[in-house]
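K.L.:
What follows is a single structure, and I will ask about it in a moment.
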Amino acid sequence: MDGEGGSSGLVKSAAVKLSEMGQRTKQLGTAMKDPHQQRRIILVIVCVALLLDNMLYMVIVPIIPDYLAELESEQSEHVHVVMHPNSSANSTSQDKNIKNNLDVQIGVLFASKAILQLLVNPLSGTFIDRVGYDIPLLIGLTVMFVSTCIFAFGENYATLFVARSLQGLGSAFADTSGIAMIADKYTEESERSTALGIALAFISFGSLVAPPFGGILYEFVGKKVPFIVLACICLADGFLLLTVIKPFSNRTRENMPVGTPIYRLMIDPYIAVVAGALTVCNIPLAFLEPTIANWMETTMHSSQWEMGLTWLPAFFPHVLGVYITVKLAAKHPHLQWFYGALGMVIIGASSCTVPACKTFGQLIAPLCGICFGIALVDTALLPTLAFLVDVRHVSVYGSVYAIADISYSVAYAMGPIVAGQIVHNLGFVQLNLGMGLVNVLYAPALLLLRNVCQMKPSYSERDNLLEEAPQGLYDTIRMEERRSKKKGYSSAGNCLPVDENGFDPFRAQRSLSEESSGPEYT
């Protein structure tokens with residue numbers, strides 16, 4: 001009897017646990033259907049994707065130069081022994097040639113990601129506008145996962161070059177669609193600024209933490225482990241995207257407007273000014289990353305750990321800059337242009353003071369100033385791009401954030417190739433003075449944006465979304481989806497509610513069709 005009682009108790013306990021699991025699964029499913037909960041999960045997915053992309057971009061900084069140097073050294077020793085088995089002459093000149101060749105290889109490898117990203121972005125922006133944000137994000141994560149695995153197991157320069165280029169292809173889809181998805185889900189300006197600020201914080205964290213993360217793991221457990229860890233995180237983020245958003249079952253984009261072509265956005269003077277500011281403000285960071293380590297070693301005789309941790313302290317002022325700009329933008333949204341201009345002045349002043357530093361402690365201050373200024377510019381101007389599209393074009397954000405990604409890619413494509421040549425021909429001091437001067441001189445151009453906040457979104461929505469009155473069911477549905485989206489409702493369903501003014505879209509459609517088509521449709 002005791003055995004039967006114990007077994008029945010275990011069965012009851014198991015049944016209770018299964019019931020609790022079922023209730024939790026049901027609650028999770030209900031939460032997924034809630035638009036507010038879903039967009040928070042989407043923000044997490046996008047932030048993790050941006051974190052992974054920037055970690056993969058920077059994690060190779062302490063790994064690849066040392067790894068390629070070992071490969072080059074092994075190959076050169078083998079060639080030297082075969083060709084000159086009993087001679088050690090000209091070893092100095094041979095080592096110099098090896099170093100020069102290695103520097104060129106590293107520069108091309110680092111720049112290949114940004115160059116391919118720059119080439120693909122115009123196509124990816126148009127693709128995102130046509131198919132939506134979720135499928136391109138999944139494509140980007142898949143390509144990033146493949147490139148990370150290739151990085152982990154690649155053992156020669158050609159394989160690593162392919163992996164780096166593939167990362168640029170994945171970034172062109174993942175970064176652009178992720179930022180555009182945030183702008184699409186968060187329609188209120190204050191919420192949009194906060195969400196984009198969180199995304200920028202993850203970008204900063206990935207860029208600044210990746211070098212010590214990769215250097216420590218590479219030192220103790222080898223080259224493969226850092227990339228395998230990042231590949232696992234990328235795989236988990238992709239599965240979360242498939243579970244939450246279900247990109248292949250979502251067909252809401254069929255009833256959404258066609259976005260403005262990217263070439264028309266590029267010639268918009270307001271968007272052009274913002275894109276130029278994003279490029280100019282990132283030039284100091286892009287140009288210093290490949291050159292500052294050699295300068296520190298020559299000028300300060302810095303140790304390896306100091307060079308590895310150069311940018312890590314700058315993460316905190318970057319997050320502080322994001323936080324301050326979000327708070328200020330919520331209270332004074334009409335001064336977004338001023339926050340961006342102030343950031344460019346701070347970047348310029350900080351860049352000019354870098355060459356004057358004599359110790360590692362002194363160098364931290366201007367580098368923190370550069371990252372703080374970049375945070376001000378990015379946090380102020382990225383939401384401005386979405387607002388400009390809302391008020392001057394159609395509220396589809398793939399192409400406009402492809403332009404933003406192009407702006408970043410221009411700076412980071414030039415950095416590894418151009419910066420070294422400038423330092424070699426003109427000097428490190430002239431490089432920093434030039435970058436600082438360009439930022440200060442560009443800041444007044446943001447005055448063009450001072451009246452942007454006075455533009456009325458309703459005018460653009462009426463005249464650009466539908467250039468004439470709705471003439472069919474498709475146009476009526478499209479207009480109502482835009483209106484419901486502005487009110488915070490989800491556009492995932494097919495039901496169109498009656499708005500607060502008593503407008504019934506189906507009744508309006510019937511009256512329009514009766515007036516326009518007559519007995520032909522009866």
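Glycine is no exception: its Cβ is also placed from the backbone N, Cα and C atoms.
For 42-522, the entry in TrEMBL reads domain 'Major facilitator superfamily (MFS) profile'. Among the features that TrEMBL reports, transmembrane segment is placed at 41-64, 135-154, 195-213, 225-245, 265-288, 308-326, 338-357, 363-388, 400-423, 429-449.
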K.L.:
On the 0 to 100 scale, where does the mean pLDDT of the domain 'Major facilitator superfamily (MFS) profile' (42-522) fall?
P.N.:
79
K.L.:
When you look at the transmembrane segment (429-449) alongside the transmembrane segment (195-213), do they share 3+ Cβ pairs under 8 Å, ignoring any pair fewer than 6 residues apart in sequence?
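P.N.:
Between the transmembrane segment (195-213) and the transmembrane segment (429-449), contact is absent.
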K.L.:
Using a Cβ cut-off of under 8 Å, list the residues of the same chain at least 6 residues beyond the transmembrane segment (338-357) that approach it.
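P.N.:
Same-chain residues near the transmembrane segment (338-357) but 6 or more away: 277, 280-281, 284, 288, 292, 321, 325, 328-329, 363, 365-370, 372-377, 379-381, 384, 428-429, 432-433, 435-440, 442-444, 446-447, 449-450.
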